[in-house]
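Heads up, the thing below is written out as structure tokens.
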Amino acid sequence: MLMFLTHFAEHVTPFNVFRYITFRTGGAMITSALIVFLFGPTIINSLRVRQGKGQPIRADGPQTHFKKAGTPTMGGLMIMTGILASCLLWANLASVYVWVVLMVSVGFGAIGFYDDYLKVTKQSDKGFSGKARLGIEFLIAAIAAFTIMRAGQEPFSSSLTFPFVKQLVINLSWFFILFAAFVMVGAGNAVNLTDGLDGLAIVPVMVAAASFGFIAYLSGNAIFADYLQIHFVPGTGELAVVLGAVIGAGLGFLWFNAPPAAIFMGDTGSLALGGMLGTVAVATKHEIVLAIIGGLFVMEALSVIIQVGFFKMTGRRVFLMAPIHHHFEKKGWTESQVVIRFWIVAIILAMIGLSTLKLR
């Protein structure tokens, strides 16, 4: 919205500042943080009254989790409110990439909201049907992938690039839609599985958002992209503004989610944020780098896949409990130890992922 003011920059020179992505990214970050800080208490109180018993606690989970009973969920509403309001104010609304990323985020968030609603009303961890949920997610993701492919420059719009290698590019043609949809849905559900402890998911999400904000800015700049030998994708630099809003909203949410949490993110937030990260990775042609930067999310998802698959084949478990953060709790780590150590892992993986921009 503020980009409109640049039309008057010839007469009001200070309006030129809104042309700069870096300035608007900072503005988006501050705005979303303030929105969550200011409206957070009201939203939390409203959810606490409406939800009554709050998010149900797993009966087979660590004993320390039972003291969290009664904590409201759907905290993703706070996060998404901050992100959407901030993006409407600071982002260039003429960018197709901004709208695609927000569409996936809102769509996935709506699925998560319905899932949270069912869990709270039924007081059960059995929410939305898994198959139906995945089906709708893939539909949303496929539409987004098609839009991204059509918006890009041929032949690179449907190609897959690899980190650490300059010239290795594979044109997936129409299979790109299936691959991209898998990345978006996988990212959404991986973040969802990570969100099991106070503050565990939101900090790695912010770390990944900061990393991909940097990548988006470089990918959308012809000079930087040429220097780093990465694909130049015109228009993706605007996604840095969106991810700046994510960081700000994440900081605001962490204020209330810090242990002992006053509210949980819920599927509403985790699916929305994960889907957003996956979509940004697809738009910037850094899908594989997402698996590195978001390696913590991959680890959490793989632990569940391995646990379920191994149990079905042998009747035994690999981990004491999945996702893997619960395994470490069962091993005797305190919740704060698990959370902070996983944050450290997320930061290290982000640095490794960003190093792929130069190590080619």
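Cβ atoms here come from the backbone N, Cα and C positions, even for glycine.
Some features that Swiss-Prot has for this protein:
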TRANSMEM  27-47  transmembrane segment
TRANSMEM  71-91  transmembrane segment
TRANSMEM  93-113  transmembrane segment
TRANSMEM  128-148  transmembrane segment
TRANSMEM  168-188  transmembrane segment
TRANSMEM  199-219  transmembrane segment
TRANSMEM  239-259  transmembrane segment
TRANSMEM  262-282  transmembrane segment
TRANSMEM  288-308  transmembrane segment
TRANSMEM  337-357  transmembrane segment
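Below 8 A, the CB atoms of the transmembrane segment (168-188) and the transmembrane segment (199-219) form no more than two pairs separated by six or more positions in the chain, fewer than 3 in all. Using the rule of three or more Cβ pairs under 8 Å, pairs at least 6 apart in sequence, the transmembrane segment (93-113) is not in contact with the transmembrane segment (27-47). Contact check: the transmembrane segment (239-259) against the transmembrane segment (288-308) gives fewer than three Cβ pairs closer than 8 Å, residues 6 or more apart, which falls short of the contact criterion. If one looks beyond the transmembrane segment (337-357) by at least 6 residues along the same chain, the residues whose Cβ comes under 8 Å of a Cβ in the stretch are 163-164, 197-200, 203-204, 207-208, 210-211, 214-215, 218, 228, 230, 259, 289-290, 292-296, 325, 328-329. Residues 96-97, 100, 103-104, 107-108, 111, 114-115, 118, 157, 176-182, 184-185, 188-189, 271, 275, 278-279, 282-283 of the same chain lie 6+ residues outside the transmembrane segment (128-148) yet bring a C-beta within less than 8 angstroms of a C-beta in it. Most Cβ pairs within less than 8 Å of the transmembrane segment (288-308), among stretches 27-47, 199-219, 262-282, belong to 199-219.
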